[in-house]
Each structure stands twice: as C-alpha cells, then as structure tokens.
Amino acid sequence: MSIDWTSSHAPALAGEIAVPGDKSISHRAIMLAALAEGCSRIDGFLEGEDTRATARIFADLGVRIETPNASRRIVHGVGLHGLRGAARPLDCGNSGTCMRLLCGVLAGQAFDSTLVGDESLSRRPMRRVTEPLAAMGARIDSGEGGVPPLRIAGGHRLRGIDYITPVASAQVKSAVLLAGLQADGETEVREAHPTRDYTERMLAAFGWPIAFEPGRARLAGGHRLRATDVVVPADFSSAAFFLVAASIVPGSRLLLRAVGLNPRRTGLLQALRLMGADIREHAPRELGGEPVADLEVRHARLRGIDVPVELVPDMIDEFPALFVAAAVADGITRVRGAAELRVKESDRIAVMAAGLRRLGIPVEETPDGASITGGRLAGGEVDSAGDHRIAMSFAVAGAVAAGPVRIGDCANVATSFPGFVDLARAIGMAVAEG
Ligand code: S3P
C-alpha cells in the first residue's frame with residue numbers, strides 16, 4: 001500500500017525524545033541468540049519491518065522466539081547446528097542486512113535455503129557476499145546479474161579464508177565472519193576503510209573467541225556461542241533526522257536520549273559540526289557495551305563543506321539527511337567517494353538530487369557523490385522511491401521549505417523507524433499522511 005506524506009513549515013522544534021533501537025544491532029542480536037546455546041533476552045529490540053523479518057526467518061528455521069512485550073525478545077537458541085531447513089523461501093523484505101548476513105549463517109548449514117526480498121532488495125548486488133562465500137566452499141546461485149533470489153545449497157563443508165573486502169561494507173565483513181564460525185580453520189577479514197564492528201563485538205559477548213581491531217577481524221571455527229542478554233541502544237541513524245531538523249529550524253532545541261555513538265556510525269555528527277552545527281553530548285556512558293550519550297541540538301547557521309572522504313563509511317546511511325542540511329547551508333557542499341549510495345534501498349544520489357532540484361536547490365551529480373548549492377527550499381512534490389531514509393529526509397526538508405513538501409511512497413519508513421511521524425509531531429514538525 002502506498003502512503004504519501006505532506007510536511008509543512010514548522011515552528012521552533014522542542015522536546016526530549018528517545019528514538020527506537022539500533023537496526024544493525026537488533027538484526028545481529030536475533031541471529032547470534034538463535035545460534036547460541038541457551039536462552040537470551042534482547043531489550044530495546046527495534047520493532048521495524050527489517051528486524052522483524054529477521055526474527056520471522058529464524059522462527060521459520062525452528063527457533064522459538066517470544067515477544068513478552070514490544071521491544072523485547074526472548075530467544076531460545078538452538079546452537080550452531082540446531083537450525084532446521086524451512087519449507088518455503090525466507091523473505092528478507094527490504095533488508096540488505098538480513099539477506100547478506102543470512103547468507104553467511106546459512107552457507108555452512110546441512111539444508112538448502114532460498115532467500116527472497118521485495119522489489120528494491122531484488123535489485124541489490126549480492127555478489128559481494130556470494131563470491132567470498134564461494135571461495136570458502138559455499139554453493140549459492142543468484143538471479144541474473146548477481147541479484148536475489150539466492151539459492152543456498154546445504155551440506156557443503158566451508159574452509160576459512162583471508163579476505164580483503166573490495167568495498168567498505170560491514171554486511172560483507174559480517175557474512176564472511178558468520179560463515180567462518182562453521183568453517184574449518186581461521187577466517188580473517190581485512191578492510192581498507194573500517195566499518196561498524198557490531199558483529200565482532202557481539203560474537204565476543206556471546207563467548208566466541210575473536211581478535212579484532214579497526215579494519216581487521218580474525219576468528220576460527222569450532223567453538224560455541226553461549227546465550228547472553230543484549231541491550232540495544234537507540235539508533236544513531238534514526239536520531240540523524242532530528243539532529244538535522246533541529247539544526248535547520250530556527251529557534252529549535254531538542255534532547256535525544258541515550259543515542260548510540262559507536263565511532264563507526266557517527267560521521268554525520270562530525271560533518272554537521274564542521275558545517276557549524278551546535279550539538280552537545282551529555283552524560284556519556286555505556287549501554288549494552290556501546291558508548292551512548294544524550295545529544296542536545298540547537299539551531300545554528302550551517303555552511304557548506306567538502307565532506308572529508310574518510311568520514312564516508314562512518315556516515316553511509318546519513319547522506320540523505322546530510323543532503324538536506326547542505327540544501328539550506330550557506331555555500332556549496334561537496335560529497336565524493338560515496339558510490340555505495342547508488343546501491344542502497346534506492347540510488348540515493350539520484351533520488352535525493354531529483355527531489356532537491358524539484359524543491360529549487362541546484363544539485364550536480366557525479367558517479368560517486370554530488371555538489372549541493374545551499375539556498376531557500378521551495379515547496380513541491382518529491383518521490384522517495386520507496387526508500388525510508390529519503391522519505392524521512394524530505395519530511396525534515398518540509399519543516400523549513402517555503403511551501404508544503406508532498407512526499408510519495410513513504411510506507412517503507414516502517415522498515416527502520418516505526419513511529420517516526422508521531423515523534424516528529426511531538427517535537428513540533430507538521431507531518432501528515434496524505
Ligand atoms: C549495515 C551496514 C551498512 C549500512 C546498513 C546496515 C549493517 O551497509 O548501510 O544500513 O548492519 O551491517 P553496507 O555493508 O552495504 O555498507
């Protein structure tokens with residue numbers, strides 16, 4: 001079902017809010033808890049369609065998962081070899097993380113599996129995981145051009161690999177490491193640009209011996225995962241929309257509670273500060289082994305920057321929001337080294353550029369980025385291309401645009417941020433369905 005939004009001019013934004021749990025951590029928590037021996041409790045689980053798809057798939061694979069209340073799961077782990085094959089294809093919905101990490105989990109199992117996804121996921125590149133897994137001995141067939149559906153043939157013995165990732169991708173790294181759990185010998189992954197290390201941290205928390213540092217992780221097969229409880233911090237990527245919104249709406253002051261600040265996720269914080277944003281961290285602490293803090297953000301005048309290329313992997317999901325900040329900043333913001341944006345839930349460079357142009361902002365596209373000349377956003381109609389982060393970014397744009405911004409195809413916001421509209425309204429944004 002298609003849902004459109006209209007986002008209109010907002011007065012100063014104000015309030016104290018908590019955004020939902022981290023998507024990356026929620027996926028991994030279900031997966032590792034399912035593969036562990038014993039019963040694990042997950043608190044702060046993201047009730048999004050993506051992470052629910054992962055939970056549903058493990059239920060299909062024979063894992064008992066209870067939901068005593070929202071944002072909590074009790075997972076009765078079956079051990080590394082306790083999954084059983086599902087009779088039907090496993091539906092990953094819109095979620096690249098679900099599909100790519102599952103490839104790693106299922107490549108070494110005794111049974112066959114088929115992974116399918118929605119229209120967007122069915123266009124996304126999977127060779128980046130099927131190739132290294134094939135080098136480990138897995139047998140995975142894909143659709144033409146290396147896209148889903150993926151058919152994983154069970155019963156193939158895996159061997160460890162020393163793999164240098166050709167793209168900065170935590171999903172690829174994680175798929176290889178998860179396959180490495182069931183492989184003979186050592187598996188090592190090296191990356192030129194370090195990516196989020198949640199899989200490594202969580203494997204250690206579940207008792208699997210692993211050595212890791214930024215850009216490198218190494219483990220050996222033949223151990224066991226032991227159940228443990230996981231506390232999921234608030235998702236920085238969801239907080240990002242409100243960080244930008246309060247930065248650009250005059251007179252705003254917001255407090256975002258207990259936001260996850262893993263250094264591999266917070267590139268946007270650095271980029272916004274380089275642009276002149278006023279964002280302060282209060283009460284830094286640890287939650288579930290992750291650094292968190294309350295973020296206080298106030299309106300500030302922003303200026304365009306050349307986004308440092310070394311920040312790109314640390315803010316890869318935040319570019320749609322950054323593009324909106326750039327659209328109202330003084331001067332030009334240049335992004336490069338971000339070709340990966342073209343293979344996300346949509347081609348985020350093309351879709352953001354098209355939308356911003358419709359709102360009167362000059363944007364020049366390059367193969368790996370864009371130049372955005374800040375100005376005055378006009379009202380108008382834009383298409384999110386079914387991409388959750390683009391829908392939410394244009395909702396933020398509407399708060400400062402001269403007229404209402406009508407955003408097409410917003411239903412997929414439920415994949416990562418159910419309740420976005422209610423929270424946005426609670427702080428004073430004027431977002432309405434229809
Ligand atoms: C994710 C890794 C990133 C990110 C995605 C979540 C993860 O994807 O964009 O939203 O949980 O590992 P890539 O691995 O494709 O960079």
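Every residue, even glycine, has its Cβ placed from backbone N, Cα and C.
Every protein chain considered, the tally of other Cβ atoms within 10 Å of the Cβ of D317 (active site, proton acceptor) stands at 23. In the three-state DSSP reading, D317 (active site, proton acceptor) counts as helix. The annotation active site, proton acceptor is assigned in TrEMBL to D317.
Of all Cβ atoms in the protein chains displayed, 24 besides its own lie within 10 Å of the Cβ of K23 (phosphoenolpyruvate binding site). In the three-state DSSP scheme, K23 (phosphoenolpyruvate binding site) falls into the helix class. Positions annotated as phosphoenolpyruvate binding site by TrEMBL: K23, G96, R124, Q171, R348, R389.
The Cβ of S24 (3-phosphoshikimate binding site) has 28 other Cβ atoms within 10 Å, all protein chains considered. According to TrEMBL, the feature 3-phosphoshikimate binding site maps to K23, S24, R28, S169, Q171, D317, K344.
The average pLDDT computed for the domain 'Enolpyruvate transferase' (12-422) is 98. According to TrEMBL, the domain 'Enolpyruvate transferase' annotation covers 12-422.
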Requested in this report: Identify, in sequence order, the residues in the chain of R124 (phosphoenolpyruvate binding site) that are 6 or more apart from it along the sequence and have a CB within less than 8 Å of its CB; answer 'none' if there are none.
Outcome: G96, G117, V147, P148, V343
Report task. Measure from the CA atom of R389 (phosphoenolpyruvate binding site) to the CA atom of D317 (active site, proton acceptor) and give the result in Å, rounded to a whole number. Result -> 8
Query raised in the report: Under 8 Å Cβ-Cβ from R28 (3-phosphoshikimate binding site), six or more apart in the same chain: what's there?
Result: L101, S174, Y198, T199, M202
Report summary line: Of R28, R348, R389, the binding-site residues with C-beta less than 6 Å from an atom of ligand 1, in sequence order, are none
Query raised in the report: What Cα-Cα separation, expressed in whole Å, is found between K344 (3-phosphoshikimate binding site) and R389 (phosphoenolpyruvate binding site)?
Result: 10
Query raised in the report: Which one of these binding-site residues, K344, R348, R389, has the sparsest Cβ neighbourhood, judged by other Cβ atoms within 10 angstroms?
Result: K344
